[in-house]
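The block underneath contains the structure these notes are about, expressed in structure tokens.
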Amino acid sequence: MARRRFPGPPALLPCLSLLGLVLLLTTLAFARPPPGDAPAAPAPKHAGGPLARPHAAPRAACPAECTACNESGCTRCRPGLYLHLGDPATCTDTCPSEPYTVDGVAYCQPNLVENCLYYASTGGRCAECMTGFFLEGPWSCRPCSTLNCYHCDPGGRCFGCHPGFYLAGYDCLPCSSGCTQCSSAGYCTACAAGHFLHEDACVSACPPGHAPGPDRQCVPCPSSCTSCAAGGVCTACAPGYHLTGQACTPCPAGCSTCTGPTACTACHTGHVLHRGTCGTSCPGGFFPDAKRGMCAGCPAGCGACAGPTGPCSACQPGFFLHQRACVTICPAGFVETNAPSGPHCAPCSAGCLACEAALHDGAPGRCFTCQEDRYLHEGQCVGSCPAGTFTSAEGNRCDTCPAACARCTAPPAAPPTDATAPAPGTDIPRCSACRPGFFLNDWQCVPSCPTGTFPSGERCLPCGQGCSRCQSAKICEMCEPTFHRHNDVCMEACPPGHYNTHDLSSGNVCQPCFNLCAECKGPNVNDCTKCQAPLTIRQPIPPVSPPKDHGDCVPDCMNDPSQCVECGRDCELCRRAPHDPAVIECLVCRYGLVTLDGNCVEECPRRHTLLLGGHCARCSPTCGDTCSGPASTQCMSCPKNKVLQAGECRDACSAFGWFADSSISCARCDPSCAQCQAPGPNGCSACPRGSLRLAAEVPPAGAAARPAGTMCVTSCPQGMFSDLARGECRPCHGSCRECIGPGADNCLSCTNAEDLLFRGACMAACPAGHFAPARARAAAPKDAGPRQCEPCPTGCTTCDPAPSDAGTKTRSDLSCTSCSEGFLLLPGPPGDCVFSCPTGFWPNVPERRCIRCSAACSRCIEPHGACTVCADPNHRLRPSTGRCIDTCDPATEAEGISPTGQLSCQPCHPTCQGCLRPGDEAACVACPVGRHLHAGACLEVCPAGYFTAPEAGGVCLACVQPCATCDGPTPAHCLSCRGDLLLRQGSCHTDCPVEEHWLDAAARVCHPCTAGCDRCDRAGCTACKAGLLMLRLDPHTRRLNTSATVASAVTEPMTTCVQSCPGGFYPEHFGGQRMAECVPCAPGCHTCTGPDEHLCELTWCQADMSCMSTSRTTILGVSVGLCLLILLLVAGTLVYFLVVKRARLAKPPVLAPAPPPAADDENSTIMNTVLDLALPGFLLLSYHRDLRIDRKAPSGCGSQGGVFPVAALSSRLLESANDTPLVIKMPNDAPQMNMSVTLVQVQAMFKNELSILWALQSSPNVVKLFGYTEDPSTLVLERYQADMMNLLDSTPGPLGGDDLSSILQGLAALNHMAADIFSLGAVIWHLLSHARPWNGLLSSDIATRVQSGELPDSYGPGLRLDAPGRPAPPPIALKALSLLHSLWAFDPASRPLASHVSAQILAPPE
């Protein structure tokens, strides 16, 4: 019966459990030989070679020409020698016949059968014929029946043809012309000389885009070439490349075609050509011409545009953007403006034709000229001039009316009085209405009406003719000098009977003559110059010549006697009354009397006044009781409710030049006043035209009292200003020394000489955007005018006010120190505020300043001054960091051209590890781990028709014909085939042999049957070769199907052919046409002769030594504990621990009954209670992403799991494995029917094993752990080619003295761990005897024997290290043997410590 490679469930021997298997596989079996020891030579393919001989006696040493030997002689020779299989086998340098090689050993051909290639191991029978022959019996090689056949089966049917032919059925047909190998008429795989393989055909010359390559195949030119020569030497380049020597170099970034590294001729979509460079945008002054694919020039002056004729969106320096065009001078209605958005023509305000530049805040500038229908007013154009302004006669401009005018018009156009000067007064606007307190007079507004006018409402109306002052048009108060006032009327001459009087206050006034005078020169009697008729001027007696022209008027009695009358007693001179001659009127009374109406009275009565000459004249009716003459201007008192003003009685004092000094009289104002309230210059209340009211100063304390009032002055004193609208001097603001108004911003000079004047205000320092000009050093503050705050240059908030020797700085000399919003400070000297930073600077917008680029940059940008153009043209710009460097990083960058035209280092596409063009996923030259290079791209998986291999350097290589997909470079590495070809064992064929193969038509794969099958299908073997048995497997788990019976089989069972039935089955020969099969034994039976229970010869627990108590607690605890013996040596044999120790405590020792199992003991194990180990989480891998299972069936299996070869996929696992072959150890999905542990317990044991392996990684001879997975649970381990069962239990077995020494040294090296010494002795006995302790006994039998004092070596074969034919044991084995009985001492306290055992075994020999 065949022995299973991995025994079943865990039992007394830990090496038979899955856990023991893994650690013994490394700790014991693979202890490396000491340096210098030669490895044992492998045996020939057929044991003993083609001519096997009986085993000879052992030799002391191999002959010198042998490198390995055994009892039959040499088994391997030194290089250059051949193994001649004689008796004994020897090594020779010549062979009598054709030599051949088997498993690397060169043999001499016996040449017993003609055309034989290989011989059988015994008897000289031929095992394989030469090509073109088939084996007919063991002694004859017959030629194949098919012409040009290379291989044929024993019936002569061909299944392989000579080169130049292909197999069609069982015939060999010639390949097409030029083919030396082919798989069908249309699928060449190799070509004759002068031909090249291209797309399954042999051609005399490779087509364009291909060149002759190795093995006479047409290989594609590099992707950058359109044609090439052998060796991949490019002769013409694909678009996007240019020829550099023998290679095609990528054009600069953005180029679709080019003639050199800096000479683009066409660009990719999204790029435009400009002067040999492809960029994403055109430079200033150019626009992208989509039709031509290049940058074309904008119209003159355009800095950016959309086409050859515009429109422009930005202008070049010296030009201004206007209506999407660039002009040097803005048209009417616009003004040149340098705004942050760029220089442009800003519109003036509505109706404006010319204006000043707009402010940076967007407000329109002041207008200079308006359209014809508009009028300029305060920098704006209006439809009509507002109140207080008038339309200028020179143009459409609103000029300001005089201050007192409410409305006015332009001055009349008057011809000049000469060729150069205008007529006086023609430039004065004409007022049409006045402000309150003013009167309109002759188109001007005056605070008081001038001479010759009088106020009437808001106007000054003219007085009567010749009147210079009047109260109304009919009442004149004073006449012009050439006129005389008479009865409130001005006359050129006084009327008859009146004479003229003159004074400064009344001017010329006509007073009445004496009543007898017709004309006179004065008021007296004797002032007559002409007398009333018939009176005459009295002449002296004797007469004089010439006669008198004035004097008294008397009757002319001498010449006219009729006039002579007799006067009365009191009268000295009389006459006849003109109205009644009978009435005698007295003209002159005697002394002491006065005349009154022709009578003589002692005095004049009331309302009369005495004139010179003694005549009583009646007062004017307008006068009161007294007067000085008969005229209305000679009153000395007035009637009630009248006031006396200059001899006249008036209703009220005159409004101009007079004031009421009492209730009955008026006093004249001071000559400086137009109106007053008190006498003197300080009593003015209104001033004449050209004068201003000035409040009289209040005298300082202690000074003589002065009357308070108002003065009229022609100019205001210092500290006051002329308020023309109010006609007075008003005080300035306290900060002003001189001013034009009352506000703090109306100053003309400052009270404090150190103050600065800014927009009419006095301040200690200039505001933002202005500076204080320094005075010339020679000028004293008191001699210099006021210092005005001057504006800083445009955009400055502060500027340098430092003085110069020449005096005040000009704006062009100033240096800005900070800038307003929208501007940036450009450091000087001098500092300047600019809209944008010039070349060599970058804008720090938050701080409003331009910062100079580093020395490596000629241009840079924010943030932090990252370079955009390097100062050194040989440097490369790295845009990601803004740094200028010497060379690009070849692993991550490639050279390109930045948008500024700078040679730059730009990142490769993220999938590349080195590239030709930045950012292009199809321009890679190398790939990171886990990706493969194909056509310039780094792919996760090579495309169909390509493969990769470690020796290929991560490059996807094309599969050779006829492979459609492959995993290697030859036709034997196909994974799928082209056309109608079928895949068979890695190569492509036209058919699938019926023998030993089955066809998967859907996948077009010809699968080989499993070993031993003669016929098979998808489900498994359908016929076995002679001498083999059919074994059915479970179709779901691919494990032995122990439930199958002869009469009832599992649906679609998996079948295989075996030489002998495995455990649990027996061979059944049915006879006839039915094949012999392996039929299951009864349940629980390992070895049987039939299906019934009474035919069972060996149970499963007897076979794997697990026949213990059925308590799962005991089985699981013992099995896991004994596994820990090999792994940790931490626990003893559970049976001995329970029996011996308990018996000793009983005194005398009696086997006590076992305690009843606890209810929850099922979930407790020795592993859970002895150790608490953590899982190495950082070694956790992904089963699906990090691993690839190379074979679906396990390469080894046991009762708890199987071992599968795997390949690493992830870069992390590839790096850690470093080409080390790997396997995964995977627990079974469920326990088998003959096991007594659950799946949960199996998983727990897996985690325990993982923890222990990780804890022991630093220990010697422990298998390397590379990781683990959780879904499913697997351990990723280093792969070793060995069989544990054969290693320990073969007789005599492969373990030599050196191997045994290494194993025992490894066990002794575990002295640092807790161990059960009794179990250690059992393991050492197993190694030395090659027999299992207590083999075949049940657990109860083992307990009884241990309790009775029996030892492991007392059951089964004895231990003899000196047995005949056995190699001499090494010294360390003898030491271990001498310690065995002390390790098995009945009293545990008398057993040696692990450290003592280690010291004894490892002690050097004496």
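Each residue, glycine too, has its Cβ placed from N, Cα and C.
Note: TrEMBL annotation is automatic and uncurated.
Per TrEMBL, domain 'EGF-like' is recorded for 143-173 (among others). If one looks beyond the domain 'EGF-like' (143-173) by at least 6 residues along the same chain, the residues whose Cβ comes under 8 Å of a Cβ in the stretch are 131-136, 179-185, 190, 989-991, 993, 995.
Mean pLDDT of the predicted structure over the domain 'EGF-like' (174-203): 85. Among the features that TrEMBL reports, domain 'EGF-like' is placed at 174-203 (among others).
If you look at the domain 'EGF-like' (205-249), the same-chain residues 6 or more away from its ends with a CB under 8 A from one of its CBs are 190-191, 193, 195-198, 255-261, 263, 268, 916, 922, 935-936, 958, 960. Annotation source TrEMBL lists domain 'EGF-like' at 205-249 (among others).
Sequence annotations record features per position, and here TrEMBL assigns domain 'EGF-like' to 250-279 (among others).
Counting residues of the domain 'EGF-like' (304-346) by DSSP class, helix then strand then coil, yields 0 helix, 25 strand, 18 coil. Sequence annotations record features per position, and here TrEMBL assigns domain 'EGF-like' to 304-346 (among others).
Sequence annotations record features per position, and here TrEMBL assigns domain 'EGF-like' to 462-491 (among others). Nonlocal intrachain contacts for the domain 'EGF-like' (462-491), taken as residues 6+ away from its ends with a CB within less than 8 angstroms of a stretch CB, comprise 451-454, 456, 498, 500, 505-510, 632-633, 646, 650, 654-657.
Taken from TrEMBL, the feature domain 'EGF-like' applies to 566-601 (among others). Long-range neighbours of the domain 'EGF-like' (566-601) within the same chain, counting only residues 6 or more positions beyond its ends whose Cβ lies under 8 Å from a Cβ of the stretch, are 516, 525, 532, 535, 552-555, 608, 610, 613-616.
Summarising the annotation, TrEMBL assigns domain 'EGF-like' to 618-650 (among others).
According to TrEMBL, the domain 'EGF-like' annotation covers 791-834 (among others).
Feature annotation from TrEMBL assigns domain 'EGF-like' to 852-885 (among others).
In the domain 'EGF-like' (907-939), helix, strand and coil residues by DSSP number 0 helix, 9 strand, 24 coil. Positions annotated as domain 'EGF-like' by TrEMBL: 907-939 (among others).
The domain 'Protein kinase' annotation in TrEMBL covers 1189-1403.
According to TrEMBL, the signal peptide annotation covers 1-31.
Look at TrEMBL and you will find 1115-1139 tagged as transmembrane segment.
Just going by CB pairs under 8 A, the stretch in 250-279, 618-650, 852-885 that sits most against the domain 'EGF-like' (907-939) is 250-279. Residues in the domain 'EGF-like' (462-491) partition by DSSP class (helix H, G, I; strand E, B; coil) as 0 helix, 15 strand, 15 coil. Assigned with DSSP, the residues of the domain 'EGF-like' (250-279) fall into helix, strand and coil as follows: 0 helix, 18 strand, 12 coil. If one looks beyond the domain 'EGF-like' (250-279) by at least 6 residues along the same chain, the residues whose Cβ comes under 8 Å of a Cβ in the stretch are 224, 239-242, 244, 286, 288-289, 293-295, 894-897, 899, 901, 906, 916-919, 923.
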